[in-house]
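Visitor: Positions annotated as Zn(2+) binding site by Swiss-Prot, on the basis of sequence analysis: H567, H571, C669, H673.
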Amino acid sequence: MKQLSSAQVRQMWLDFWATKGHSVEPSVSLVPVNDPTLLWINSGVATLKKYFDGTIIPENPRITNAQKAIRTNDIENVGKTARHHTMFEMLGNFSIGDYFRDEAITWAYELLTSPEWFDFPAEKLYMTYYPDDKDSYNRWIEVGVDPSHLIPIEDNFWEIGAGPSGPDTEIFFDRGEAFDPENIGLRLLAEDIENDRYIEIWNIVLSQFNADPAVPRSEYKELPHKNIDTGAGLERLVAVIQGAKTNFETDLFMPIIREVEKLSGKVYDQDGDNMSFKVIADHIRSLSFAIGDGALPGNEGRGYVLRRLLRRASMHGQKLGINEPFLYKLVPTVGKIMESYYPEVLEKRDFIEKIVKSEEESFARTLHSGQHFAQGIVADLKEKGQSVIAGSDVFKLYDTYGFPVELTEEIAEEAGMTVDREGFEAAMKEQQERARASAVKGGSMGMQNETLQNITVESVFNYNASQLSSKLVAIVADNAEVGAVSEGTASLIFAETSFYAEMGGQVADYGQILDESGKVVATVTNVQKAPNGQALHTVEVLAPLALNQEYTLAIDSNRRHRVMKNHTATHLLHAALHNILGNHATQAGSLNEVEFLRFDFTHFQAVTAEELRAIEQQVNEKIWEALEVKTVETDIDTAKEMGAMALFGEKYGKEVRVVTIGDYSIELCGGTHVDNTSEIGLFKIVKEEGIGSGTRRILAVTGKEAFEAYREQEDALKAIAATLKAPQVKEVPHKVEGLQEQLRQLQKENAELKEKAAAAAAGDIFKDVKEVNGHRYIASQVSVSDAGALRTFADNWKQKDYSDLLVLVAAIGDKVNVLVASKTKDLHAGNLVKELAPIIDGRGGGKPDMAMAGGSNQPKIQELLDAVAGKL
């Protein structure tokens, strides 16, 4: 077996499949593009769903890739096992309706065992297969596998929701009896027992059925085009090839671990307790790549995953004695390890380091808050005479504050308490099951549409024509190809079209289809790309249409031009965001509609009013400079040399369109644009908001809509000016400042009146002093408009020696507010209000001298007041 570096293993995989006619698909962003079903790209095939479900027919049906992926269903296992990771690389080879079982198995065996390639010893390889899949069993024997190395497994059938499915055959490497201390042997494989002897290195899925959850597996229909979908974990392959005990002892992780050794002063013990080293090495890889791809730590979705990973890694750093931000220092090491295939980490190093360090510092503050929360739990339990911290509280400390259970157990032990481990595990399991359910739900592929897949006639889009004559080459009605159609809805394909199919965030053209006499025979209501790339016109049929006849295609030119203005403005906006916010503010999604444009971009905080003003100003300046908009067609490499901005994760063909706007913007884009920025007229941002962790959204309008937006603002200002009796709009700020000053004065006077009224009322309330067990107390219901007035009563009470304790209750709206104030150490206001609050179906708490509670059961107010004496 050859000794290879991880970079060599990856490259050898890609090179081998290239010799078999496969196109090398580059690794795409971990953040899915145009796929809301996925939180992360979680497999090599996830980026190819559009090919497998038949939405798009690839230029080459043979594809290979090395795809970075993230899975976070079982984060807690990372570091505990030899091969569990959050981020990993999946090597794959795929056939979209081309070769099938025989070639897939033959070539897999060749790649693994040929001296020219990996040169694995054949006797070390074992294969599992689906019992009913005799064809795979026979093929393995034909290529030279000993039948005793073929193990039938009932679970070897791949399906995930609706869509492509089929039997799979897995390849395992036998590391020998040294990794099988109980000498169980092949039962480890046959009974699917977790083990370190037989390492799964490759799974070949023979995708031949359309899975349908509504019917039994035996009734699944055959796919019109059978596919091959395979996945080999790079980390596992490298561990086997490099003879490493675990994946972490390979050149993918050890450089990171060595850096952690330097930072901690601790030594990584391969056979000892090394979990913290593994967790840190794994998690910083995920963080570096995910942040580099535009995801940012936050409180939901992808952001929550990253925040959790960072906090877990940070806590393990503390276990190694690292008590300051350190993860950001590991980013360059991650970048250097992966540089040969993933240069983006080093290219974005400064930004990634900045985000990681900021999040580490934030976590340090959160951890401090968590310690206060934990101490509060301990104090409450002591008050109640209890000694077990509830599993729900342990989970909250873990989930909200990043506290590992061990830290909570230490706090509990110091207080002479224990932790409800079972309750915590139950809460953890519930969360993991939710995550798994979500992952399964989002993983399915759509059903293949055989009719559209089989339409292979050529069709071209004419960018320059708003109207042209073209032959009708395909008609689809009721999901079948027909020769003519006379009514209803149909889908049409023409040899040439002037209609833009929805793509790249630009909406489709609308318009009409006319016959030779000029009669409108159909209205076009939508245009989408068919699987083989043709423009598929959805039409309402008004008169008979027949195949191979010439028709005139006329788009709605006014609609197209309005969309073009918004699309070109989007390019200007993208450039302005880079200039003002930074190069990290890249496109995360866009929509160029008729009346507006919507642009999503990565940014780690809300855009300030000053920044928005500067962005809007810069875009308008470029509009008024009347910059020429040019489009050229070239190959992708030339386009990148020109400096064209490519959207990370987007798939580009060999030939691309480059759109330049003066020397201000240059992007790869397949959409339609104005010829000169002056055609846009005006640009106005109408809204900026966050739509998820690390993602912001700008809504803007151009041209007539921008003018109308400004006019609406002007009309509103004029209305305000009239209300304020300001002769001119420019005097409105001065008038408003005057009103604000008047309001402040009135509020001050009102507060003074309230204090006087409270003092007057207090005179009567404070006279009603009772005594029990040597404690003087006042317990009374008062009539006030807000809870703040209760505090005013308490402030007045503190001024004189009326009593030791004050309890005030007020019905405000449909709620009940309670205030407890104490002047003696013997009476703890916070504890007392906690005991009283349940009477009114409420909760509360506070300090020893002042506490408040809120509830909803107003009929129980008197019962609460009567209960005070019994609590003293």
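Positions of Cβ are set from backbone N, Cα and C atoms, glycine also.
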Visitor: Show which residues of the chain containing H673 (Zn(2+) binding site), separated from it by at least 6 in sequence, have their CB under 8 Å from its CB.
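Guide: In sequence order, the residues whose Cβ lies under 8 Å from that of H673 (Zn(2+) binding site) (at least 6 apart) are M564, H567, T568, H571, V629, T631, V659.
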Visitor: Long-range neighbours only, meaning 6 or more apart in sequence with Cβ under 8 Å: which ones does C669 (Zn(2+) binding site) have?
Guide: G504, H567, H571, R657, V658, V659
Visitor: Could you tell me which three-state DSSP class H571 (Zn(2+) binding site) falls into?
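Guide: Reduced to three states, the DSSP call for H571 (Zn(2+) binding site) is helix.
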Visitor: Neighbourhood of the Zn(2+) site (H567, H571, C669, H673): other residues with Cβ within 8 Å of the Cβ centroid, in order?
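Guide: Everything else in range on the chain: M564, T568, T570, N592, V629, V659, E667, G671, T672.
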Visitor: Taking 10 A as the limit, how many CB atoms besides its own sit near the CB of H571 (Zn(2+) binding site)?
Guide: 26
